[in-house]
Structure formats: C-alpha cells, structure tokens
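Features reported for this protein in TrEMBL:
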- 7-33: transmembrane segment (TRANSMEM)
- 39-58: transmembrane segment (TRANSMEM)
- 70-92: transmembrane segment (TRANSMEM)
- 98-118: transmembrane segment (TRANSMEM)
- 125-146: transmembrane segment (TRANSMEM)
- 166-184: transmembrane segment (TRANSMEM)
- 196-219: transmembrane segment (TRANSMEM)
- 225-246: transmembrane segment (TRANSMEM)
- 258-280: transmembrane segment (TRANSMEM)
- 286-307: transmembrane segment (TRANSMEM)
Amino acid sequence: MRHIRRLSAFISGHMPFIVPVCLVSGIAFPQVLGPAKAAVPYLFAIITFQGSLNTSLHQVAETFRRPRELLAILSVTVVLMPALARLAAGLIFSDPGIITGIVVEYSIPIAVMSFMWIDMYRGNASLGLAAILISTVLAPVTLPFALRVLMGASVTVDPWSMVGDLVFMIALPAIAGVAVNELSKGWGHETLAPNLGAFTRLFSVFVIACNSTGLAPYVRSFDPLVLEVAAFICVFATLGFVLGLGMARLLGLSVQDMLSMVFCVGLRNISSGSVIVTQFFPGSAIIPVMAGTLFQQILAAVFGSLVQHLTGEERERQHKRVRLARLREHRKRE
C-alpha cells in the first residue's frame, strides 16, 4: 500500500508530463487499450465516489443556496463559449462542416472528466458536481438551441443517452459518497477517501489513456486540414481555461472554487459531441470534436499546476485553518 501511495503522489505531482504519455500510449496502441474502454465507466464511478467522500450535505446545499459561482460557470459554457467559437471559426475556416464541428465542440455539456481533475487538485467537489449535473440535464435544450441560432441547423438530442451515463458515472456514486461521509461522521472523509485516493489516481491515468484511442486514425492521417483544425482547437481550448481562471479571479473566488471553475469551463464532454456530429453532421465536422481530446487533458494538467503555483500561499493558509478546525472538532469529541 505504501508503494501505491508513493506512485499516486508522484502521478499527482507530475500530471503535465504524465498526460502526454497517456495520450501517446492510447494513440500508439489502440488495439491494446481500445477493448479496455469498457471498464472506463466503472472506474470513473469509483473516482466519483472517492471524490464525493470529501463532500458534505452542507456543502452541496451551500452551492445551490449561493449560486453565483454556478451561474457564472453556466453562463460562460452555455452562452459565451459557443458564441465565441462561431465567431472565431467563421473568420478562419470556410468549410461549413469544420465550423459546425467547432460550434458543437463548445456547445456540448461540461465533461464528466472535469470532476476527476477537480478531485485530483482538491477543488470544490460540490460546485463541480452541480455544474456537471445541470449542464448535462439542460443539454437536450441548450445544444439544439445553440446550433439553431448559430448555424441554422436542426438537431434532436437523445436525453436518455446523456442522462444514463450521468446517473451511472456521476449521480449515484456522488450520492453514495456523500451519504457514507455523513453517516460515518467523517470516517469516509478522513480514512476511506485517502486510502481509495491512492488507487483513483492510477485509475485516472488509465482512463485518459483509454479515451485517447479514438484519436488514432485522425492523428495518423497527417492531413493538413487536421493540423490546421488541431491548432485552432488548441488555442481555443486554452482560451476556455483562461476564461475560467479570469472569471474566478474577477469574482474573488477561493482556491477550491477557482479550480472547479477552471476545469468546468475548460473541459467538454467530447464523447457526446462525437455521437452528435456523427449522427447529424457526417464528414469533416468530426475533426474539431476529436481534436479536442488531444488537448483537453494536457491543458487541464497544465492549468491545474498553474493554479496551484499562483495560489500557493493562500492554499497554505487554508490548510492551516482546516487543520485547526479538525483539531477543535477532535477535542470536542473527546
């Protein structure tokens, strides 16, 4: 167990370097890692459960009682990013399929994977959960509306496919994690979460590698158009993380809320986007959607480390306050 914890700590401290290795592994060995994708939903459910062990009912209630941060995340992801994507794509590309794919890429819900990053960097789990849940539940309305307004295209989104994944990978494990923490009077947070966390870091690396296998045929094609679109998506995806960080700074958020906002604004549910473009927009529209997979996880690792670097002193003060609060609580129990 000691060796697993050391490996987990190493992974957490070197994600900007480990993520590219995971992506290259998935692209280079899709025939090996591809079949293992069947395990991803189950591993992700465990990741969500472990992260939710650090969340209380009080924290969840506070997220909805004071929804400023939640509304800010939804405003950027549902309104601002799709509009900026349409404007920028229209200025650079002439292919309607490429433009449509870019708009879809930034109109789809917040990625379930964002919760993994929020947990890894110890962000506000309750804020992240709320943003993911609401973004996904609203997607059958917001996505067709965005495509109608921005592209004049008509699509019908199957809500049950999105909600089904959401329930299994996010909702049920999150409810279970919060319930265990509440019913065990802190044992889930203090004991179970750290022990499970040693394994969930390993699961996270495996999930990233498996999900990147879908990129293999596009990366190997070396089509100049693919490279152009990939460069655009890299810049625009970076903008998403910068917007999340800038909005958090503007609102004067805590480090935990800042991390949740950065990851929720920066990461999109590409698997649902790929299903939609394949079904309604065959051809080149799939290129920008899949290109997002190439950069999202690397940028998440980079910006997670950046936020930690920028907020080092503030995090240290918060850790001291948390330790003092736990010490007082422990003395009360005695």
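Cβ atoms are placed via backbone N, Cα and C, with glycine included.
Where the annotation comes from TrEMBL, it is an automatic prediction and has not been curated.
Remember, it's a predicted structure, so these values are computed and weren't measured experimentally.
Between the transmembrane segment (39-58) and the stretches 98-118, 196-219, 225-246, 258-280, Cβ pairs under 8 Å are most numerous for 196-219.
Under the criterion of 3 or more C-beta pairs below 8 Å, with sequence separation of 6 or more, the transmembrane segment (70-92) and the transmembrane segment (225-246) qualify as touching.
Ranked by Cβ pairs under 8 Å to the transmembrane segment (225-246), the stretches 98-118, 125-146, 166-184 are led by 98-118. Counting Cβ pairs closer than 8 Å to the transmembrane segment (125-146), the top stretch among 7-33, 98-118, 258-280 is 98-118. Put simply, of 7-33, 98-118, 166-184, 286-307, the stretch with the most CB pairs closer than 8 A to the transmembrane segment (258-280) is 98-118. Sequence-distant contacts of the transmembrane segment (166-184), counting only residues of its own chain at least 6 positions beyond either end whose CB sits under 8 Å from a CB of the stretch, comprise 41, 44-46, 48-57, 60, 112, 115, 129, 132-133, 136-137, 192.
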